[in-house]
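Per Swiss-Prot, the features are:
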- 1-22: signal peptide (SIGNAL)
- 37-84: repeat 'Knot 1' (REPEAT)
- 39: N-linked glycosylation site (CARBOHYD)
- 86: N-linked glycosylation site (CARBOHYD)
- 104-141: repeat 'Knot 2' (REPEAT)
- 200: N-linked glycosylation site (CARBOHYD)
- 297: N-linked glycosylation site (CARBOHYD)
- 352: N-linked glycosylation site (CARBOHYD)
- 633-658: disulfide bond (DISULFID)
- 635-654: disulfide bond (DISULFID)
- 643-671: disulfide bond (DISULFID)
- 716-735: disulfide bond (DISULFID)
- 724-750: disulfide bond (DISULFID)
- 761-787: disulfide bond (DISULFID)
- 942: GPI-anchor amidated serine (LIPID)
């Protein structure tokens, strides 16, 4: 029954997502189908509200979002409402004859997969044999045909209409004009919905996308022909238009010996009609997974991995060898975790599972594969195990009757293996060794164990650790979540992913304009990192990928172009990863992290990179302890700020000199107090606009100008990018503000609580004119008033520096706060202290646009990896030369669950940095981040922790929440 309900609900979601649905204007009319359905939920007001929104929605994207969220409010046990919603829509129950994926089987690359496909009756039947990571064409075809079959169900009992419709979706080539015309002739009078549904697919049919052949343009010998070719493929749709355009643009007739036309002919004569044959892309078949190959500990696995993901498909033997020697080898945990990050990144939250229900309602836990397919997979695994044997790639484990012996434990194991909970720090997903040993001792058929094997030896192969930082204790999932159904405090708009396969989901931090309803996420165009890659990056971004041949330490930087392809790739100098560092007479290999006193260090290609904290040790004398300030070079805690050429304000000249600045490279006064446009450095036809920035690249090479020169325009564009001036007047954009002779206060709409220009001190030691001005610079506020103290850097520091500062009270419940380095006041947040390789940043800047790389760029990139809208990213460059990243709850009164979510996001990002995961390292300039230390606001049983009170104790948290919600779109 549960399966039926799930399939009905799935059909409804699928149907409404792909086909136009007649929508009701305004509310639901009494007696309408929608009203009758929603009456089934009269005892559940939240479900009723969602139901009414579904039937009255006028936006297809809004409808899709509501349907994805509906199971949260209308559980599957409400059979009547789900049956009613399905039955109120035509075509849902009709099942097509045969499996629609049958016509796709010839697209399978591996012979075993092709055979399994021909014998299958559903996608589930091939999931064990066919690998999604390199059978992209097959799975895309199946998914498209499954969705297309919904269109044909609108034909009802009209045989001719149904057959012509099915002919479109059962072919593995692009449907021709005659096929589409036949559907229109036979179906137009029967079902307009069917015609609309078919048109949606035929107009966007992906298998014959002209841009897939852009690489052919590079074969043209004439530069003008190359440009014409690219322009034509980007703008023309039909083959006739493209051929005519190429003849005209290249001034040549189609000749088989011409490299350009030869390339087009080869792609059109593919062995699989309709599937464009690409040359090996410049990124390899999968640039993200290729990044992981260098993490292999054995040369065998490194070579196999490189063979599989570089320039040519690995054969079946290569895959089998990789499975046998590498896929389950504990020695290769670093490479395997990296590959898992690419295939299935750890994401916060799990819900809506019907079998693995103990995994539901866990909004602050990380999972790799919390979805319906994995839920079904766990149930299927249990059925197989009930036959008395657990088949692993390298060993078969005989077991007793698991229906009678610890069934709940076995279910937790099956679900853990499929849903894959992962640690925020290690990102490991294996169960703990003690659980493995316990279950095999109780329920393993030990008389039939393979020769020389015991429960302990088998578990040594499967789950070699009991370290709770690296394994999952099953006890967690033997009972439901204690949170029940209270999940709205923390939401996950992009999990599960609501976007099409070629688009990237981003959290909507803009809010809704003028209070109108809108989606909590955006789907943005992106590029895949190779032909076989599912790893998508945002259009317009710079990406670092390994060289396509897979040489260790060799990378290139590419841009994600408008065509959806990586382009303009530039080779970087190879890094010698064999170089080691000598520390205290001991050799440290590349990538090794370790501590020296209170400092954290990392060896990066032979260079030792360490934090520059001043340390006290157990051997420090009493005089040392008495004079210890905790500041760099033990400088006095005097606050006489100076502005460095890198755009950073330092508390004193002593500290500026200590971090390496010469006397001519800083001047007295804070950077914010300087006017970079006086005297005017721009030409007469240009306007000077202040642009404060803190630069991480070498100043002498790339500069760090605090202004930009923009052309003076007679008429400004009407683009909506609101800014607020110093008189608290709002303007459409910067151009209109300066055209009216005003001065910028901050970016974003004017906020009522920032009308009074009361200064605030940011965590970076800079005084801002208002809370809003600080937030628009991605800097969180430490306290109200001008900056007046150096702040606390060490647990051994004196708190006398902050004695005169009045800190706001903490209004968060159950939080043991942290104090960011250089700040005075406590904060409930997750904090990262990150070291970076300055040489790598300089190399990136040199290879790309020759411009300096700033702290703001780093923060904006990190922000894209925080998936919970209830948390946002702020940060600064500390006086100890670390990038400090703060992940802060944005609600006015953050709940303990929200603080925990921000902590988990911080721990996740720390792990991705420390492991050099392609999830982050593929993004320029995040690839220069080397090592991170995390500190989180731990939970305490009391209702809250309060700092020293002040008259601003209520105002600052309220301002924080409001400003974050309203300003985050503009920064």
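Yeah, the Cβs are placed from backbone N, Cα and C, and that goes for glycine too.
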Cα-nearest neighbour of residue 352 (N-linked glycosylation site) within the listed recorded positions, 39, 633, 643, 671: 39
Among 716, 724, 750, the most crowded of the disulfide-bonded residues [Cβ within 10 Å]: 724
Inter-residue C-alpha distance, residue 635 (disulfide bond) and residue 658 (disulfide bond) (nearest angstrom): 8
Helix-strand-coil residue split for the repeat 'Knot 2' (104-141), DSSP-based: 23 helix, 0 strand, 15 coil
Count of other CB atoms lying within 10 Å of the CB belonging to residue 39 (N-linked glycosylation site): 14
Sparsest-packed of the listed disulfide-bonded residues (633, 643, 654) - C-beta count within 10 angstroms: 633
Least buried by Cβ count (within 10 Å) of the disulfide-bonded residues 658, 671, 787: 658
Nearest recorded site to residue 39 (N-linked glycosylation site) by CA-CA distance, among disulfide-bonded residues 643, 716, 724, 735, 750: 750
Residue among disulfide-bonded residues 735, 761 with least C-beta crowding, 10 angstrom cut-off: 735
CB contacts for residue 635 (disulfide bond) [other CB atoms within 10 A, all chains]: 21
Assigned conformation of residue 635 (disulfide bond) - DSSP reduced to three states: coil
Cα-nearest neighbour of residue 297 (N-linked glycosylation site) within the listed disulfide-bonded residues, 643, 658, 716, 750, 787: 658
Model confidence over the repeat 'Knot 2' (104-141) (mean pLDDT, whole number): 77
Greatest C-beta neighbour count within 10 angstroms, which of the glycosylation sites 297, 352: 352
Secondary-structure category, per DSSP, in which residue 750 (disulfide bond) falls: coil
Using Cα positions only, nearest of the disulfide-bonded residues to residue 633 (disulfide bond) (654, 671, 716, 724, 750): 654
